[in-house]
Amino acid sequence: MNASDLLGLIVLLPILVSVALYFFGWNGATQKMEVVSVLAIGVASVVIYLDSRHGKLLQFHNLLSGDALTAILLGLTCVVSTMAILASREYLERHPGDQTKLVQSNKGYAMAMQIFIAAMTLAVVSDNLGLTWVGIEATTISTAFLVAHKATTKASEAAWKYVIICSFGITIAFFGTVILYFSAINSGMSPANALVIHDLVKNASHMRNNATTLGLGLLLIGYATKVGLFPFHTWLADAHSQAPAPVSALMSGVLLSVAGGVLLRISEISRLSIGHKVFSDVLMTMGVATIVIAAMLLVRQKDYKRLYAYSSLENMGLIAVGIAVGSKIAIYGLIIQIVGHGISKGIVFITTGHIYDELGDTSIDSLRSLSHRSPILATFAIIGTVGILGFPPFLLFGGETSIAFGLIRSHDIIALIIVAGALLIAAISIYRHGIAMLFGPVGPGQDTRPFSIKTRATLMLFGASLLSLLLGIDGPNVTTIARAGANAIGVSL
Amino acid sequence: MSVGSFTSLFYFDIGAFLFFTMAIAWRKSLFGQVRLLRANAIALFLLGLLSGIYAKDAALIGLSIVILLVRAYGIPTIIARAIPHSGDQWESTRVVNTTASILIVAAITAFAYILTEPLVALNPTKRIASLPVGVSALLIAVFLIVTRRRIATQLIAFALFDNAISACAFVLTEGVPLVVESGALLDVLLLIFVLVALASNMRSQTQSMDIAELRELHE
Amino acid sequence: MISSQITNPKAVESDQIKKRFDPMGRFFVIMICTLSALVAISATTIALLAITRPPWHGSTNLFLAIYGLKLATDPLSGVFLLISGSLGVMVIPHLYGYLRRNHLPTTTVIAIPIFIFTMALVPLANSTPTFFFFWELMALASVPLVAAHPNDQSGRRATFVYLAMTQLGAMAILVALAIISASHPGTPLAGLSALSSRDSNTLRSLAFLLALIGFGSKAGIVPFHIWLPKAHPQAPGPASALMSGAMVSLGIYGIIRFCILSLGTGAKWWAITLIVFGSITAIYGILQASVNKDLKVLLAYSTAENMGLALIAIGLFQLFRILHLPNLAAEALGAGVLILVAHGLFKGLAFLVAGSIQSEIGITDLDQLGGLAKIMPVSTVGFGIAALSASGLPFGSAFIGEWLLLQTIIHLPRDIGSLVLIGPIALGVVALTAGLSVLTMVKAFGIGFLGTPRSKRAGEAHESSTTMSTSIIALMIANLGLAFDPGVINFVILHLSESISGVYPRIALGSRISITTTSSAIFPSIGAALFIVGAIAIYLIRRFTASKRPQPLDEIRWGCGAKELTPKMQYTATSFAEPLERIFSDILVPRRDIETDAFDSLDLIVKRIDLRESPHDAIETALWNRLARALDLVASQFRRFHNGSLIRYLMLGGLGFAVVMVVTH
Amino acid sequence: MSYLSLILQITLIVVISPLIGQLMIKIKSKAEGRRGPSLLQGVRELGKLLKKGEINPIGTGSAFALAPAIYLVSTLVLSAIIPLIALKLPGSSNYDLFWVVGILLIGTIALGLGGLDTATAFGGMGASRELMVAALIEPSILMAIYALSIRANSSNIFKIVHATLSNPQQIASPQSALALIGLVIVVVAEAGRIPIDNPSTHLELTMIHEAMVLEVNGPKLAMVKLASSMRLVILIGLVVNLFFPIGISYSTSSVGSIILGIVALVIKVSLLAGLLAFVEVFLAKLRLFRVPELLAGSFVFGFLAVTASYFLPVIKA
């Protein structure tokens, strides 16, 4: 088997696993297969990274390709997916759905999860804008059932809003793809290559025209939907708050960043063709607006899952700002940001999942005295939150700092001040709610029983925390990898 | 087929495409809208077929047939299942009333001309001259998505949106590569399928088909 | 009554809490203290090397991705390292005693050595990302210290306010550092001024203001001081000592390092801004300290006051640099450093005594203390020395710094135009601050330690353990040492001035302190000797005349006709400060509740009137609470917009789509 | 010789202060049309108090016991570090005005702490008021010192007086006048005279200084009384020498100049004290909460003196 076949394999494998799940049900064997299919992504990530270090681009029939950025995103997918799949077991044990209905059964859940992972992987390894679009849209469809898995009215509502808003945006991206294709063909590219990202990058300098601008603009706003950027940010909190915790972890930690990765690729085409100005102005506006909105909605938040959803939004806004800046330091920063956010958010959402399982309520007011009722969960919630807020030694610290430096260097001081102000408001709000939840007194009539957590779940969260800490400490390798990632999209000034 | 006859047929067909789109904006009966969606998809199929015959491209002809199957048959049929067979089959509560809708549609058409001018200038062939028509249809679909309150009409608007993008693709580039178009088709089909499934879920939970009533989740 | 207590869920809960926070095991405490001691000792050693040896620098790629950690030493970093290191060393025995006696959350205990460690790293950072990295680590490590009593409402409030102010500071510092070092984030700090001088003035001014806000929020500069009086009462005594004595000073370090050195020479109004902020802080801090009645709150406000004084000195330093008066600049810097060093020592001492009181009595409210002189003699003497120093009086460690500051002010040259007005204004501020701090410290000492105990618990207390007293005695000696022979840190001032301004200050520090060019001088030891001589003389006279007098009698005090005076009849801290509160009521805005209990509905015949007056932080209510309300208002508009309407959401998206189409068209 | 002069100066202050205090009472009485007590009455009172037995109020501690002694010692120290009869006394290079202010405050604080240690309402009230006045005087004093030190470019008393001696025209300048007014108010406040405090009253609600020492008795009271009168003399002497250093001996080398210095000091202090007492007759004590207004006034004089010193040209002989 050729190394480049690995690209196809990792997309195919989860699909095969979901087929197996359909036929054999969700049992011990298929549960192992789930993990294997995800670990394969990790293996591929390593292989692709090692190959990219020799300047080799893995390619699979003009459709899939792998470079260092791919490897980073795949690695993140592997880590968070593993966490999500392991956490799903507890979730499913606690929340057995109607097993007669496929979409509510354990089997259906596991299948949707695998297809979701396959779709994300496809969006990451795709070298073809059309295929990327297919992958991203497929994530929407596969997660729709996952979001609605709890089968409550709220869950259905969230799923509906999620699918409608995301599809709206993603369809705009499809229109953008068509326009870009037209532009590429007009500039003399063959129809077979006109959507291949790497070829578009090579040919970009010949595509300096209005059609490209329009196409890129539409792609931008389209994929921004999936990143959760303003004005398409409205689905995110609903979907994240209603989805089962492992799904929230995967959506927030990986899916948003995968879409961010697509934006990053598009930004490269944009930089080389129409110049960065229009594209980055639009993206900057969207990113800053997203951060501000997220911060404002955090202030009086009443639901702890929404709280973390908006914190994801805030981090995605920062990533968007980083892409908009587009300089070396900003790109490094956002790559680190993506990885750090993914793992920390994974920890946080899975922890909130365990809390919800015990509490049965996601409102902030219902959760009090967590530090006494479960020191373990409290610890992981703190570790995750501290990571998300950009405290050292976690990765996000470097990410936020670099993006701030990048903003100054591109003379976007006003943007930086707005962003810093919004981050301040966001952090203060999280502190306020966090202190109330961790230490606040239990109200009259609320029960005070301690929460239980399985050793298996503790170990998994511990492993993830350790990983996030190690990544924070291992500066040299993280730098090398982030540099390789930035090189992959042509930023190595 | 001569260039002249192809062009006039193409123009005629895309005009029909736009007409059906506009008609959906006007029509209130849900089943009527589904029928118009079918007609719209057939016009799209003809666009593909014409281009395929003109370019002597068998793949394109095959693709148009797939389009016919999925967009003119599959999707409208699924959407029709989301319409309650008893009770309210009318889109009576619109965010924007019918007269205003039609006026806005006219404005959108004008807007589409302005928008597409630089694109048309880029490659001034006769086929691309009809781009404003496709973009008008597309913008009308967007308009429908953001202003329609019934679940079924929202689905129809989505289907229209996709049709319009495909139409634009035919106008611009004789269709996008096969693998992409088929992937997109599959996605749209699945999307509509998912939405219908969710809709039936919601109907069993809330007895409502009005998306404006989805207000449980808010800040 | 008893049964209701048992069923009360809160009582059960507090039992659980007690169980969870078991007494600290001896081994665990020894481990923590050993670790802290190791860190503090190495910090002190490095500090001494940093001051006396040529600069050293090193770097590692570990920890901070992309930038790598860059470390370096120079005299400036050495000074601040010395403050935190030496204070850390002296605090350890008290820490041991405190931990052995008090049940604290494990996180708080573990955070202590980490906190000392990070505090030592901050001044060693040699690039802006490294600095920010350590700064944030320090902030993070200090949070558990404040959150030592998270089960109390006030504990949670303190934690929140501290976190919020920390975050405010962090964001301001981030933007400021980004501006300062934007072009080359990895540049060693010493090389930054050359880089930033190329930036536009507006940009540099922005960086200056943001850095001032950021570091000011750590240093407790008004209006960012609000965390100090909330956090200190929560933190365990030794931790407060470290936070107030060392961490807060690092805010001033940041201001010196970045607002002044890294940004180049700068504009005159920068210096004036520093002086104005310092003045406001000094006066507001000491006014609040003078009217507050909780010992730790009082000390916290007094910390703000001292930081204000240091900031005035630093502002003068900056002003003289701009005016090209290197010698005066060196004097101002020397004064600032001396104020900070002394503050570390006496505030550390005062907080340790407060910690002993917290640990032995459990109350720090002055109105419930009293009479400690008889039962806690070591602590009393310790606090006496700390109070003497904090008042800025002769024989106190802070006197030298404040005297140098006054000398710097009165030597303002004539030929600087209207800028000379800074002289009388600054002097007025320093003088008023000094006067009020005398009153404050007399109140704290007189009410808290003298007289008779005002509560049962205060009356039954004992002196804290020997280990705790060891720390107190060590700090007493250090304070007296600095007061009588500041020559021990002469080398610090000399090396610092040389490395920063290239000149030696014309200050001769020793047992006689003088400014060589102007022949102003003081000689504390001679003053003390005169005191001793006078005391001996009086003692001898009394001794020889004693035989001619009748025997002394023990008699009850005069009670204005009452038979006996109860401890309740003593003057309290509140009543002591009442005249001052009245005079400065426009600034202090005391909170006054009048509750009238009347016989009839018209309030004509009054049964009783309750008047409650309590000091409160007017800036907190006028500025921060108002800001919070404004934020809430804006946020509620955002919330209202996100009302769950899918049509609204889709329209928003459609609008975005349209805008992008038009923009890219 | 120089050390002898120092001891002479201290002794002189100790001896003349009860007399000067009594002189003020006498002048006041005369002005009010009374005969007034004899000049030696003060000395007799001290003698009487010294002979009395001590009463230790129950519950007081060492602070109460030590406070009068510290008050007295600080005053003695003051009399040793201010040049009153001669300029070049031992340690004159360390005669710093800020230091003097500090020592002055130490005495006040000692007495205040003693008052608090009695654990009575009066002791606390007196301490609170005394320290409030002390705290508010501080800016005025330091500002006046600032104004004075600009002339000599030093806060060293020796330097300041020396500068005045070598350039007497400076005294006639507006800045000097302003500083003098400021300092006089300060002296009045610091010494607890009308209109700030009334040393001769024991009316409970208006007392400041006397309330603080209400429990002090016997020899301790003698110390406090002696020290209080000494402080007045020292402060007057200081002001007199800062502004009118006429007659002060420059060095301690000749006996004649020392004697001249002593005589000059006694005359100057008596004159000024008499003037003060005479003016007091026409004044009423201010309400406690109007005291800050007066002190603010004195601060403003000092402030104006400083700014005038900076902005007006230097007058040179």
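Glycine too: its Cβ is placed from the backbone N, Cα and C atoms.
Database features (TrEMBL):
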TRANSMEM  A:6-26  transmembrane segment
DOMAIN    A:12-100  domain 'NADH:ubiquinone oxidoreductase chain 4 N-terminal'
TRANSMEM  A:33-50  transmembrane segment
TRANSMEM  A:70-87  transmembrane segment
TRANSMEM  A:108-125  transmembrane segment
DOMAIN    A:126-422  domain 'NADH:quinone oxidoreductase/Mrp antiporter transmembrane'
TRANSMEM  A:131-148  transmembrane segment
TRANSMEM  A:160-182  transmembrane segment
TRANSMEM  A:245-266  transmembrane segment
TRANSMEM  A:278-298  transmembrane segment
TRANSMEM  A:318-339  transmembrane segment
TRANSMEM  A:376-398  transmembrane segment
TRANSMEM  A:413-432  transmembrane segment
TRANSMEM  A:453-473  transmembrane segment
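In terms of C-beta pairs under 8 Å, the stretch of A:33-50, A:70-87, A:108-125, A:160-182, A:413-432 lying closest in packing to the transmembrane segment (A:376-398) is A:413-432. Look at the domain 'NADH:ubiquinone oxidoreductase chain 4 N-terminal' (A:12-100): DSSP puts its residues at 66 helix, 6 strand, 17 coil. Long-range contacts of the transmembrane segment (A:245-266) within the same chain, counting only residues at least 6 positions beyond its ends with a Cβ under 8 Å from a Cβ of the stretch, are 69, 73, 76-77, 80-81, 83-85, 87-88, 91, 113, 116-117, 120, 123-124, 132, 136, 139, 143, 146-147, 149, 197, 216, 219-220, 223-224, 226-228, 239, 283, 305, 308-309, 312, 316, 319-320, 323, 331, 334, 338, 341-343, 345-346, 348-350, 352-354, 356, 489. Count of Cβ pairs under 8 Å against the transmembrane segment (A:453-473): among A:6-26, A:70-87, A:108-125, A:160-182, A:318-339, the largest is for A:70-87. Counting Cβ pairs closer than 8 Å to the transmembrane segment (A:70-87), the top stretch among A:6-26, A:33-50, A:108-125, A:160-182 is A:33-50. The average pLDDT computed over the domain 'NADH:ubiquinone oxidoreductase chain 4 N-terminal' (A:12-100) stands at 91.
Same-chain residues lying 6+ beyond the ends of the transmembrane segment (A:413-432) with a Cβ under 8 Å from its Cβ atoms: 284, 288, 291-292, 294-296, 298-299, 301, 307, 310-311, 314, 317-318, 321, 385, 389-390, 400, 404, 407. Outside the transmembrane segment (A:278-298), and at least 6 residues removed from its termini, the chain residues within Cβ reach (under 8 Å) are 213, 216-217, 220-221, 224, 228-231, 233, 237, 263, 267, 270-271, 306-307, 310-311, 313-314, 316-321, 323-326, 412, 415, 418-419, 422-426, 429-430.
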